[in-house]
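**Student:** Pasting a structure below so you can have a look.
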Amino acid sequence: MHNHNNRLVITPGEPAGVGPDLAITLAQQDWPVELVVCADPALLLARASQLNLPLQLREYQADQPAIAQQAGSLTILPVKTAVNVVPGKLDVGNSHYVVETLAKACDGAISGEFAALVTGPVQKSIINDAGIPFIGHTEFFADRSHCQRVVMMLATEELRVALATTHLPLLAVPGAITQASLHEVITILDNDLKTKFGITQPQIYVCGLNPHAGEGGHMGHEEIDTIIPALNTLRQQGINLIGPLPADTLFQPKYLQHADAVLAMYHDQGLPVLKYQGFGRAVNITLGLPFIRTSVDHGTALELAATGTADVGSFITALNLAIKMINNSNE
């Protein structure tokens, strides 16, 4: 094992988007950890000069101890772009480059070289246009680290929302919620709240699937047939679960002040509340991986690339949360 405790790997994502800008902006302050950016050094230097920001790159040395990152510098794990990058213009020729940065960073996190992986935004459509099947970061990292199940969670300072199902059409959601799937998701959520967030007795509040959580079977049977039995089994294993509660009831201060996390049954049940409450400050976290992974909660913002107007807030929050999670894991 390396002295990895103070070493994070960052993937800026789509090279024509704001990811490189944000990595360079992050580098303008001191960090208590080493920031290793997996990207094309020429891309970062060109973008830094377009942004008129100072940037020194230091080649990553796996066998050297981690050093705290000084303002104006980044450590680079180099991957070359295939074609010239024009800010704001997607090019299918660089799709393999993007996937290679993710693979390299993921492998380093799996091996323990890096204590955490923080991802910038990718453009899923252009990766798929290159003939590379790509659903998203979460699925890519799960597949590469041989995880059968991972859990997507978004968090702000005040609220954490995990999802029982992620990127599915609404029509497919009820069929995807089974006692077995809930058992896996809640076990991972409970475990990671303890090990990565340092919460000894997590309180998890669970949404029902249907309006009014099924109204006792008058508005859908999923609560009675699936959700309630699954929660009862998990309670017998010592997991603190409250619910299922109607989602419109659950997202009120009197419940949320006691919740360490909320489990929503589908993407748009839980995330609109969180995004309204903390837009620009939300972080995406993948639970269940053998390493810490946080991410910005925004897209590639192609129109802002190289303009100097991209907001670095979500990236800073994602980095700070990763550092906090590293400290919790080391305790």
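Here the Cβ of each residue, glycine as well, is placed from N, Cα and C on the backbone.
Note that the structure is predicted; figures quoted are calculated from it, not measured.
Okay, these came from Swiss-Prot:
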BINDING   H137, T138, K275, N284, R293  substrate binding site
BINDING   H167, H212, H267  divalent metal cation binding site
**Student:** Express the distance between the Cα positions of H212 (divalent metal cation binding site) and N284 (substrate binding site) as a whole number of Å.
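**Tutor:** The separation of the Cα atoms works out to 28 Å.
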**Student:** Give me the non-local Cβ neighbours of H267 (divalent metal cation binding site): same chain, 6+ apart in sequence, Cβ-Cβ under 8 Å, ordered along the sequence.
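**Tutor:** Correct list: L163, T165, T166, H167, L168.
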**Student:** Here are some binding-site residues: H137, H167, H212, K275. Which one has the most Cβ atoms within 10 Å of its Cβ?
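**Tutor:** Answer by Cβ density within 10 Å: H137.
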**Student:** Helix, strand or coil by DSSP: which one applies to R293 (substrate binding site)?
**Tutor:** strand
**Student:** Can you name the residues of this chain that are 6 or more positions from R293 (substrate binding site) yet have a C-beta less than 8 Å from its C-beta?
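**Tutor:** The list for R293 (substrate binding site) reads A109, A116, L117, V118, T119, H137, F141, I285, T286, given in order along the sequence.
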**Student:** Who sits close to N284 (substrate binding site): which same-chain residues at least 6 apart have their Cβ under 8 Å from its Cβ?
**Tutor:** M152, M153, L154, T294, S295, V296, D297, A318
**Student:** State the three-class DSSP label for T138 (substrate binding site), counting H, G and I as helix, E and B as strand, and everything else as coil.
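**Tutor:** For T138 (substrate binding site) - judged by DSSP and reduced to three states - the answer is helix.
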**Student:** At its widest, how many Å does the recorded substrate site span between Cα atoms of H137, T138, K275, N284, R293?
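**Tutor:** So the maximum pairwise Cα distance among the substrate binders is 20 Å.
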**Student:** Specify the secondary structure state of N284 (substrate binding site) as given by DSSP, simplified to three classes.
**Tutor:** strand
**Student:** Can you check which residues sit near T138 (substrate binding site), meaning Cβ under 8 Å from its Cβ, same chain, 6 or more apart in sequence, and list them in order?
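**Tutor:** Once residues fewer than 6 apart are set aside, T138 (substrate binding site) is near V150, M152, T166, T286.
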